[in-house]
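Record features, source TrEMBL:
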type	residues	note
REPEAT	12-46	repeat 'PPR'
REPEAT	47-81	repeat 'PPR'
REPEAT	82-116	repeat 'PPR'
REPEAT	117-151	repeat 'PPR'
REPEAT	152-186	repeat 'PPR'
REPEAT	187-221	repeat 'PPR'
Amino acid sequence: MNKMIQNDFPVNKVAFTLLLDGYFKRGDMVSAQSLWEEMVRIEVAPDAVAFSAYIDGLSKAGFIDEAYNEFLEMSRRGLIPNNFTYNSLIDGFCKCGKLNEALKLIRQMRQRGLLPDIFSINIIINGFCKQGRMKAAVDTYMDMYQWGLEPDIVTYNTLLSGYCKAFDNVNADNLLDKLYTSRWDPDIFTYNIRIHGFCISRRINQAVMLLDELVTCGVVPNTVTYNTMIKGVCNDILDRALILIAKLLKMAFVPNIVTTNLLLSQLRKQGQPVKALMWGEKLMQGCIEFDDITYNILERAYRDSQEDAEFIELTPDNKLLLDVLMYITSDYLRRNRPCYELTDYSLKLIDNQSAGSLKYLK
């Protein structure tokens, strides 16, 4: 853009807006803000589209106060915000936990003759659910009917997630029944949310039944489904857990780094930090690529092995189950992943953990 300006190429609002959007999508806030200042410097007056793009980028990046200031500046210039502009701000305020500010914008929309759309309502409902304010979320859900709107699958999934996190299984089941009679079909997100709700409530049988249902309905389980079930069975009865593992394998269960992290974390939390370190070493020597979460788990396991940390009491059956799961995961990853080059940091971590583990065992 600077070269275009220096060479006297014509630069218009459309070019600026496209470049601005590109910077935000790349996460380059500095360049985006510099470009906005450059627009002002060369007196290219941004239009409503440019302002909306800038407000959206600032909101998504967490700069909600700056975004709102630009919204006010937009109004001062006589430019009219649209639903996209409002939804960007509403989403930004909700993510910052400022639900009251978001609701003020909803009221302002209506005063200006703009009807909140389904995106506006879903954002508000999600904000209430994240704060555990389920009554307010349901009230907003009921309000949408008065505004001539109908819930979509995102609305149902958002409310379902809120109920599950609140351990409100009665309302979660009722909402799911209502979804079945609506014009929307449950998707993989719906099933994953409810399966997770069953698992955290220790209702493994219901989770298994729902897993069977989603397959029968032609919905393909994904990695989130499998990892949720794996986490759920880690504290379950061994025989039932092993049957479920066999079922998952039959459904083409594909372990990934999330599965690895989940199991290593379970080993550490359930009083086996040394075993977590030993599995970590085996995986790394088998050229399995780790992420930052894996390293953090292993570092915490090493610290636990050196201290008198308190752990959850683990039965022999559960210990056996974790070993079985770790073996399945490591075997799959070793056979299906390319060999990654070990970094100096990785090698150092192996050396430190191996030495620490052996010393601890001795």
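In case you wondered, yes, glycine gets a Cβ from its N, Cα and C as well.
What you are looking at is a predicted structure, and each value in this text was computed from that prediction instead of being measured.
Per DSSP, the secondary structure of the repeat 'PPR' (152-186) breaks down as 25 helix, 0 strand, 10 coil. Same-chain residues lying 6 or more positions outside the repeat 'PPR' (117-151) and placing a CB less than 8 Å from one of its CB atoms are 83, 86-87, 90-91, 93-95, 97, 99, 102-103, 106, 109, 158-159, 161-163, 165-166, 168, 171, 182, 184. Summarised by DSSP class, the composition of the repeat 'PPR' (12-46) is 26 helix, 0 strand, 9 coil.
Look at the repeat 'PPR' (187-221): DSSP puts its residues at 26 helix, 0 strand, 9 coil.
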